[in-house]
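For 379, the entry in Swiss-Prot reads active site, proton acceptor. The UDP-N-acetyl-alpha-D-glucosamine binding site annotation in Swiss-Prot covers 21-24, 35, 88, 93-94, 117-119, 156, 171, 186, 244, 349, 367, 382, 393 and is backed by sequence analysis. Feature annotation from Swiss-Prot assigns Mg(2+) binding site to 119, 244; the stated evidence is sequence analysis. Taken from Swiss-Prot, the feature acetyl-CoA binding site applies to 396, 402, 403, 421, 439, supported by sequence analysis. The feature region 'Pyrophosphorylase' is assigned by Swiss-Prot to 1-246. Feature annotation from Swiss-Prot assigns region 'Linker' to 247-267. Under the heading region 'N-acetyltransferase', Swiss-Prot lists 268-493, citing sequence analysis as support. According to Swiss-Prot, the region 'Disordered' annotation covers 470-493.
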């Protein structure tokens with residue numbers, strides 16, 4: 001068969017096992033972080049592969065690990081608690097990795113084994129379903145994906161006969177000049193019948209310069225045994241693009257982000273500048289959301305219908321309500337209510353909850369705070385470890401002093417409270433419903449409902465202080481001249 005793979009969205013089948021190869025060292029990444037754990041659109045590379053295996057509906061998912069084992073296992077176990085973990089032994093090679101991987105499968109498993117690489121993040125479940133379907137319909141022993149590349153350098157070439165049938169995989173180092181001109185390459189995605197795979201792996205040796213057990217040798221073993229092999233090209237080579245260095249990681253991130261953005265645009269989201277907008281795979285946006293330039297919507301953030309986010313805004317695992325506006329803001333693990341406004345230059349730290357029609361304005365930092373519906377923190381304030389009721393107003397420059405050097409304490413502000421400018425609320429303290437505080441007040445004691453809390457002494461003007469304390473200075477001379485001069489017109493008003 002020489003036609004391209006038809007991605008037709010075959011239904012899930014529980015008779016599928018997936019083996020994910022995540023044992024490689026990834027030296028070309030030049031990183032302390034294992035290659036398969038490098039982040040891409042909010043998930044590690046291997047996380048994308050695990051998610052695809054889950055969507056495929058595989059009955060068993062096996063991850064083969066070796067280098068930086070503990071780090072990889074921690075992440076895999078968190079993302080896919082039911083995944084089976086198998087350690088590759090000292091025998092290197094992809095063939096050996098699969099050989100140890102299938103030992104985790106039940107002895108009686110007779111379905112299909114799909115082999116994936118942990119560094120191929122864009123491959124989707126629809127493509128795999130179609131690959132498995134083609135494998136079953138043709139009753140193949142092995143069906144593999146291929147891709148046609150403008151630059152196939154470094155990849156194993158697919159050799160076909162005159163009739164277009166698959167004949168072999170030839171690695172670059174073994175290819176003739178004519179074979180090197182072939183642009184169809186092995187994509188490293190395979191479907192085996194379980195029993196055929198078990199028999200084949202036992203026949204693969206390590207008679208090569210690297211003394212490795214190569215999975216690609218399985219094709220030769222099956223062919224010599226008279227088995228059926230089919231190689232199906234994918235229409236979209238990005239689906240099988242592997243990540244080996246940071247250049248490829250950036251290219252994959254750009255491509256995946258473009259696909260994510262296009263999907264949301266087709267779903268009714270306005271994105272003004274896709275080049276400067278980044279959206280993670282787990283983020284969710286409703287129709288009629290507007291995303292302005294320079295915006296990142298990360299993690300499991302959700303943005304409800306009619307909301308506007310940006311410009312220059314970062315949301316991490318943050319919920320934005322309907323018709324809310326969030327501009328030039330950094331928010332993490334926050335909840336922003338419907339029709340609320342945030343920004344510009346606001347910093348919403350974890351635990352911030354802003355009620356419907358509330359406001360967090362310019363140069364405001366919040367943390368672990370619940371702000372009720374219609375309440376406002378308009379500007380230049382720090383509000384931490386606090387509860388603010390509904391329809392209250394926090395004056396400019398307010399500081400909620402929540403830390404005594406040892407422990408954090410909470411501040412409670414009731415409904416319809418008006419805090420004066422430059423207040424310091426020293427927690428723990430309560431400001432009662434309907435109360436006011438004077439400008440510049442340092443509130444250390446509870447303010448009863450309906451009261452006015454003040455802590456600033458009455459103003460006293462010390463006439464002549466500048467001349468007495470700073471004689472001969474320009475300020476003193478100017479003060480004397482002003483005192484001796486004509487009265488200010490404003491004083492007669």
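Note: Cβ is positioned from N, Cα and C throughout, glycine not excepted.
For the region 'Linker' (247-267), the residues of the chain that approach it from at least six positions outside its boundaries are 29, 38, 40-41, 121-122, 238, 241, 274, 277-281, 285, 287, judged by C-beta separation under 8 angstroms. Annotation note: residue 393 (UDP-N-acetyl-alpha-D-glucosamine binding site) sits in a strand segment as assigned by DSSP.
Cα to Cα, residue 403 (acetyl-CoA binding site) and residue 24 (UDP-N-acetyl-alpha-D-glucosamine binding site) are separated by 47 Å. Comparing residue 439 (acetyl-CoA binding site) with residue 393 (UDP-N-acetyl-alpha-D-glucosamine binding site), their Cα atoms are 13 Å apart once rounded. By the criterion of other Cβ atoms within 10 Å of the residue's own Cβ, the least surrounded of the recorded positions 349, 379 is 349. Summary for the binding-site residues 21, 396, 439: the Cβ-based neighbour count within 10 Å is maximal at 21. Here the region 'Linker' (247-267) has, by DSSP, the following mix of helix, strand and coil residues: 20 helix, 0 strand, 1 coil. The closest partner of residue 119 (Mg(2+) binding site) among the binding-site residues, by CA position, is 402; the full candidate set was 393, 402, 421. For residue 402 (acetyl-CoA binding site) paired with residue 393 (UDP-N-acetyl-alpha-D-glucosamine binding site), the C-alpha to C-alpha distance reads 19 Å. Counting in whole angstrom, residue 244 (Mg(2+) binding site) lies 14 from residue 21 (UDP-N-acetyl-alpha-D-glucosamine binding site) by their C-alpha atoms.
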